[in-house]
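What Swiss-Prot annotates here:
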type	residues	note
BINDING	H562, H566, C665, H669	Zn(2+) binding site
Amino acid sequence: MKSAEIREAFLGFFEEQGHTRVPSSSLIPGNDPTLLFTNAGMNQFKDCFLGQEKRAYTRAVTSQKCVRAGGKHNDLENVGYTARHHTFFEMLGNFSFGDYFKRDAITYAWTFLTSEKWLNLPKEKLWVTVYATDDEAYDIWTKEIGVPAERMVRIGDNKGAPYASDNFWTMGDTGPCGPCSEIFFDHGADIWGGPPGSPEEDGDRYIEIWNNVFMQFNRTADGVLHPLPAPSVDTGMGLERVSAVLQHVHSNYEIDLFQSLLTASANAIGCSNDNQASLKVVADHIRSCGFLIADGVLPSSEGRGYVLRRIIRRACRHGNKLGAKGSFFYQIVAALVAEMGSAFPELVQQQSHIERVLRGEEEQFAKTLEQGLKIIEQDLAELKGTVVPGEIVFKLYDTYGFPMDLTGDIARERNLTLDEEGFEREMEAQRVRARSASSFGMDYNSLVKVDVATQFTGYSATTGSASVVALYKDGQSVTHLNAGEEGVVILDTTPFYAESGGQIGDSGFLLAGDARFDVSDTTKTGGAFLHHGVVASGSLSVGVQVETQVADEVRDATKLNHSATHLLHAALRQVLGEHVQQKGSLVDSQRLRFDFSHFESIKPEQLRALEDIVNAEIRKNTPVVTEETDIDTAKKKGAMALFGEKYGDSVRVLSMGGEFSVELCGGIHASRTGDISLFKIVSEGGVAAGVRRIEAVTGAAALAWLNSAEDQLKEAATLVKGNRDNLLDKLTAVLERNRLLEKQLEQLQAKAASAAGDDLSSAALDVKGVKVLATRLDGQDGKALLALVDQLKNKLGRAVILLGSVHEDKVVLVAGVTKDLTGQLKAGDLMKQAATAVGGKGGGRPDMAQGGGVDATALDSALALAVPFVEQGI
């Protein structure tokens, strides 16, 4: 049996036993913030087992997509090197919420595994374990099912504590728990390993394929087990494992599902499909990456996004090891969709998105992969001993974007281990995100290297005098820049703010006699401030004195937006909750953009509350206070720090509205909150899983936005011959009149179609005693065609009808079969053929079906399918 057939057989079997087929939940747990990813079938039913949720059914069956990579359940480092470790797997499961219990659960499992109608596994190959004191389950297995005692194993507390056992399941230290019974398959004496509970149980001969968990107790804090009033059942069977059993192979990578992915991986890389660990890594990782992206996860430097990035980069590195040239990983998505898209339609819907995300991440990593591999080869060649120091591991992570487990893979191939504690110390000390090459043209920060510490005077001034200490052109040090040349100027002192903390760098100009350098941006590398721009006139040389001038209007507008960002952050935590954290920001002179963690879209009333809170703080006109202090003192005062930012011994604490907003910030700000004048949110939306974005304007820009909105209201009122006071009433009246006119139009179209039906019936062909009518009626919508098909069926008698129309640039199709023919000819079957022909899809009942497509040029060809459909079916 193929994997897809096994999945469907499992779901079908339990549906026959009265179970409701429940779709797989997302890989992002919706009801359990303690989980990084969904990793078991029972995750979506957790509240049902806890008695906190009641559903319309008490029996459920699922095929749940699961990921184990990152967090407590992390199989990543073993993937590709063992027969059964995966980052992604499918868990088949049946569940009872206070309905049936041990006897039925055991009987169902045995019947499905051994019945000739279902999997038909040889009974003598199956072993069973039960919890040591679970006599009830043992007796059911031996006395009712008939499993001989020699293939039954009692497993006690083998993990060092009461009820700490492979055969006793707990949800936590307290709560629902109970014994479990596992079913093992014996692969045969030619494979090393012993039965469960034996010293050789870790071998590959006896493989667990099904686990039945019997939740019958509630464990209280004192460790006492109390019987649950309504015991439940939670079972799980890995699809990949049972597929290996039924396909008579000993590795999950040999099953049909993986064979197609291995072939596609080899083709994309350009290597042979041999039994190579790296190829298995790629084939495994395309599943977890594809499904995670389909469920809304995007590569990032933290949380779920970072786990995804690690998996992608591990796959890229293994592809590189096999000789991949250029981007290859995204090319395997099509094979994944072909293999699993029918069971998980989200893959089909998201295919192009998945490919774009993978290709983008792959191309970004390719910029540093080759250089990073050279560095690690050099470091390992010079290594003394068998442990890779944490400093090297961190350097690869920080500079080249190598996740620790990717470096671990490389070390493992050389029988080396990593100094993980040393790596964690480096991470804790530095607190910086991985740095990768910029994708936005030349990055002067990475090219300009100068041992200069520029003195910043911009907190209190926008002008001043300074000396040019260095000049750079195309990343190379030069002694002068001439008119028209772009470059970088480094000064000994500057009022120009360097881009940091989301605030853009200052712009302005430098003057030295007849020379003028227009500054378009200011950045920072080390202690040096880099003034990017172009020489507008004259020539600029190292050592000359210049007069500095920041663009005041741009600076003033920018600092208002920056201060408003702090007020917004504080307001968000008030309105949405303390979980809100800044995930990114961009502050310029036009508007502010603020990204933050939040799990759902923001309601209109919440947006209004945010505006009200921020504007209230603005009206209070309190002073914006800055204080230089040490990091520990700042944190004790409640100052919020940005995750991933590096802070020195001395930090700048910015307070607004007393304790309303207290954050660490080195940016330029307003003097008082009243300077902001006005705050207006102009957009809100999601940018990634769990990340929302708000854009807003302040001051004069906010007033301009409101004036524009007022102008649009006036224009709309004029169009409906009203005014601002009665605009809503006027619009409602227009919409109601439009609705009535549309209804009248439908009625007229139906009458026209009915009249056309009289003419059309005479055009029907006689095919083997069946009236066949296939014609196009452009301009008619689906509703009109449905009514016409009903009318034609009554007029024609024994008939098959296929009508098509091009309506609003799309193809509309309706098929009908009179009921006396539905035993031989089904409208849904005809519709599938016709809809496919026009690049779409369709279906329906045996007597009536609807569909459509996008290829209007193929409509006549689609209609021509009706006659052969009848000829072949009668």
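A Cβ is built for glycine as well, from the same backbone N, Cα and C atoms used for every other residue.
Since the structure is predicted, the reported quantities are computational estimates derived from the model, not experimental observations.
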By the 10 Å Cβ-neighbour count, the most surrounded of the binding-site residues H562, H566, H669 is H566
Same-chain shell around Zn(2+) excluding H562, H566, C665, H669, C-beta within 8 angstroms of the CB centroid, reads G501, Q503, K559, S563, T565, V624, L654, M656, E663, G667, I668
Within 10 angstroms of the C-beta of C665 (Zn(2+) binding site), the count of other C-beta atoms across all shown chains comes to 26
By a three-class reduction of DSSP, H669 (Zn(2+) binding site) is assigned coil
